[in-house]
Amino acid sequence: MAHIVFDLDGTLINSAPDIQGVANGLLQEAGLEPITLDQTRSFIGNGAAVFVERMRKARDVPDDRQAEMHKAFVAWYDAAVTRTVIYPGVERALDDLASAGFALGICTNKPIRPCRAVLDHFGLTGRFATIWGGDSLPVHKPDPAPLHAAYEALGGDAPRIYVGDSEVDAETAQRAGVPFLLYTEGYRKTPVALIPHHAAFSDFAELPALVAGVLLGAE
Ligand SMILES: O=C(O)COP(=O)(O)O
Ligand SMILES: [Mg+2]
């Protein structure tokens, strides 16, 4: 049976409204204008430090505020679960894959504490045998190390699949040498055709068949 690892933000959950809330709380404290939801979506994907950097640049906040703003951002981030939603069909797809015997994991650039907080909030934690956040290792995606670590934690010598929504995820999968399934409704900035992927999907109901397709191709 294969090991399937998922990205989190923009793949299983639409967390941008909560992340926007954290960002705008910080900006408000600093007396600055808020950022839009579109800006928020475009800043997600490379981890919290890069998010804060992009947010600062959008509001001309000098570089010497990075450490302090990053710290405050991460401190507020744990509680940012109230406006987040699970994408339609995710739970059903996870159930189907689990009952078909697949081992499931998470590899996200979201820091591990808010990652676990939001999975707990939705009662999803138990569905994943291993969970890797953006600060679980000294490096994060697109470095393939956390993705490799996730598969190793799932154990055994099984086919591997990564499911994500972004350019960063595609690069991570490519560097890890694993087939990539692209969820098209998340936070990508590039047309689907320009993101390397094995297959793309816009509805989680399609996922079990796509997984089966990857495995047939791998035989
Ligand atoms: O950039 C982040 O913080 C999280 O993004 P990811 O879950 O899509 O990796
Ligand atoms: Mg993502």
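For all residues, glycine too, the Cβ spot is worked out from N, Cα and C.
Listed in TrEMBL for this protein:
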type	residues	note
ACT_SITE	Asp7	active site, nucleophile
BINDING	Asp7, Asp9, Asp165	Mg(2+) binding site
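All features noted in TrEMBL, drawn onto the structure.
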residue	record	CB count, 10 Å
Asp7	active site, nucleophile	28
Asp9	Mg(2+) binding site	28
Asp165	Mg(2+) binding site	25
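Across the structure, the residue listed as 'active site, nucleophile' and Asp165 (Mg(2+) binding site) place their CA atoms 7 angstrom apart. In the three-state DSSP scheme, Asp9 (Mg(2+) binding site) is classed as strand.
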